[in-house]
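Below is one structure; the comments refer to it alone.
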Amino acid sequence: MTLATPALPDPALQRRRPSRARRPAVAAAALLGSLALATATAPAALAHDTLIGSSPEDGDKLDTAPDEVELTFSGDVGEGSNAIVVTGPDGENHEEGEVRIDGPDASVGLQELPAAGEYTVAYRIISSDGHALEDEIAFSVTEEAVADSSPSPEPEASSPQDGGGADEGADAEESPAAQSPTDPSRLGPVAGVVVAIAVLALIAILLIRLRNRPGGRGGEQD
């Protein structure tokens, strides 16, 4: 009886099987590599600072006009060409002075706001990693806020002086009448002097006439 010899595995199949077994491992390695790359690049993406607060806040409607705008970021503001521009409803810029940096805060002063309405705050800030952040926020002020911040008109401030001037004018108009010779209070002394002079003159005239009479003392001496 002849025994059947068991068939040996095909060498070609033996070479292919290991390669198929390695495919999941290669795929897993590629996936791990991608995850590692993403993890390595994530800190760089997260390093950009962001705006985390402001005064006034975005969308605020204020009854009192602010005197500055302050922006707060998630990291310290870097040195460089930082800019904050505040544009009003009139289309004009109303920031005043240079941008001030204090750690994560960047601020700029404001001029007196001339009109009620919306004001846009556009900024370009250098973040802690050197990248420039550009964006804008907005706030608005009411009519009451503008009225409170406006100075009082000069005529109203000088009204007491105007009243004094009017009084002085009235006094000036009355002064000639008060100093008129017809004022009895001023005529009394003057009239007395005039009357006294007139009386003395009259007496002198009478004496002269008496002396010049033919029967007077002057005639007797002749």
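Quick reminder: no glycine exception, Cβ is built from N, Cα and C everywhere.
Checked against TrEMBL, the range among 1-23, 93-115, 116-138 recorded as region 'Disordered' is 1-23. Broken down with DSSP, the domain 'CopC' (48-141) shows 0 helix, 53 strand, 41 coil.
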